[in-house]
Amino acid sequence: MAFTLPPLPYAYDALEPAIDKETMTIHHGKHHQAYVDKLNDAVAADASLADHSIEDLLAGISKLPKAVRNNGGGHWNHSLFWELLAPAGQGGEPSAELAAAIDADLGGMEKFQADFNAAGAAQFGSGWAWLIVQDGKLKVTSTPNQDNPLMDVADEQGAVVLGADVWEHAYYLKYQNRRPDYLKAFWGIVNWNKANELYAAAKG
Ligand code: MN
């Protein structure tokens, strides 16, 4: 079973002005498609990789080819990222459970957002900022390249609740070098309904 590009769950211009239509069109249709295509090439080249879920591949990524790490991570990260965004006003609010955990584990929403943005801004080169559940508690972390907290190579492993792509391809057309401005705008288009679902599953 080949991996496929999931359709974007909203129109390419639906996240404007936070993320512009051209960025979304290229990001989804070119960058994510390329991760899918190269992941399929890498899996097709090694019979032992056939018929594994993407999550299975990521969990044992230290033993797999670099092309699977880069492109499998790219495919999983982007598939989730599209779902973690929603047009402004349509993403709901943090659930009572998630909000309580942000207060208890991360010092409240304001400090959490500042720490998340700092993690994204401080990630050297390309990568991702994450909110994860680790040993039952929320934690803010980041990964380089297309790594993620599901990978056995990640410094901080856990279940993802929220993530932000901080590769330049995610923001450069509109924000140029101003990654912090992009991260600030990110909070206006977070799909909290999806984050709530992921948090409940991680705690379940
Ligand atoms: Mn990306």
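Note that Cβ sites are derived from N, Cα and C of the backbone, with glycine treated the same way.
As the structure is a computational prediction, the values presented were derived from the model and not from experiment.
Annotation source TrEMBL lists Mn(2+) binding site at His27, His78, Asp165, His169. Under the heading domain 'Manganese/iron superoxide dismutase N-terminal', TrEMBL lists 3-85. Annotation source TrEMBL lists domain 'Manganese/iron superoxide dismutase C-terminal' at 94-197.
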Fewest-neighbour residue among binding-site residues, criterion Cβ within 10 Å, set His27, His78, His169: His169
Composition by DSSP (helix, strand, coil) of residues within the domain 'Manganese/iron superoxide dismutase N-terminal' (3-85): 54 helix, 1 strand, 28 coil
Per-state residue totals over the domain 'Manganese/iron superoxide dismutase C-terminal' (94-197) - DSSP helix, strand, coil: 49 helix, 24 strand, 31 coil
Additional residues around Mn(2+), ordered along the sequence, whose Cβ is within 8 Å of the centroid of His27, His78, Asp165, His169: His28, His31, His32, Phe81, Trp167, Ala170
C-beta crowding around Asp165 (Mn(2+) binding site), within 10 angstroms: 24
Mean of the pLDDT scores, which run from 0 to 100, over the domain 'Manganese/iron superoxide dismutase N-terminal' (3-85): 97
